[in-house]
Amino acid sequence: MTLAVFFGCTFIAFGPALGLFLFTIARDPLRIIILIAGAFFWLVSLLLSSLIWFIAVKASNPQDESLQKGLLIFGVMFSVLLQEAFRFLYYKLLRKAIEGLVALSEDGCSPISIQQMAYVAGVGFGLMSGAFSMINLLADALGPGTVGIHGDSQLYFLTSAFMTMVLIFLHTFWGILFFHGCEHRRWWEITAVVVMHLAVSGSTFCNPLYVGSLVPSYLLMATAAAWAYLLSGGSAQNLRRFLLCLRSGASPQPAS
């Protein structure tokens, strides 16, 4: 049973993200470099926020439960803001990289667009975020122990896997929205990303009432996905062609 839980949660949490990597990133060395760099930027933001939270906890009274809970909320919110700050720094770095690639290219064009960089960087942020969210839980899923033996929810590992999956996708969409906002100086788009990130992270404090965190997160994911699709040049017509497996310029044939 523990192996089934382990592999099931692993495939739920990382299966769709692995598909994104294999079909859209793995064949391009430049995209792999951007993904790894994005994961590194997220990791540095986590390291700094964890260090500040650790210092705050050690400097406070460990017996004061309300204070410790407040510090935990502060740590989560500060971590979100720091992640978005590092996303902005990464955008600035990639913008400089594009200028360098254009200067070195023979035709004066960059081999990768800022939209593609935003997508790959978002996947890098999401994969590293998902790994740190789920790796300890997957280790615990192998046992020993039984989930819910003291009356707690038996869906802990399953809901954590679904939450990790939605966070990976959200980081991907947030990367597209954030970079678009920076590129066109639409600061309200950047603010919307930060607000959504804070809302999703804050909803996890509703656990173990998992409906209070999963449902809003998936609704925000659907909103962010549609928004990112439109900003990337997508349209309802293109989506319809994709769903119907139609080629560009083809029209659906009437049924006989």
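Don't overthink the numbers, they just go from 1 along the chain as shown.
The backbone N, Cα and C atoms fix where each Cβ goes, glycine too.
Quantities reported herein were computed from a predicted structural model and do not represent experimental measurements.
Taken straight from TrEMBL:
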TRANSMEM  6-25  transmembrane segment
TRANSMEM  32-56  transmembrane segment
TRANSMEM  71-90  transmembrane segment
TRANSMEM  117-135  transmembrane segment
TRANSMEM  155-180  transmembrane segment
TRANSMEM  187-205  transmembrane segment
TRANSMEM  211-231  transmembrane segment
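It is 155-180 that, among the stretches 6-25, 32-56, 155-180, 187-205, forms the most Cβ pairs under 8 Å with the transmembrane segment (211-231). Sequence-distant residue pairs (6 or more apart) of the transmembrane segment (187-205) and the transmembrane segment (71-90) include at least 3 whose Cβ atoms are under 8 Å, placing the two stretches in contact. For the transmembrane segment (6-25), the partner stretch with the highest count of Cβ pairs under 8 angstroms, out of 32-56, 71-90, 117-135, 155-180, is 155-180.
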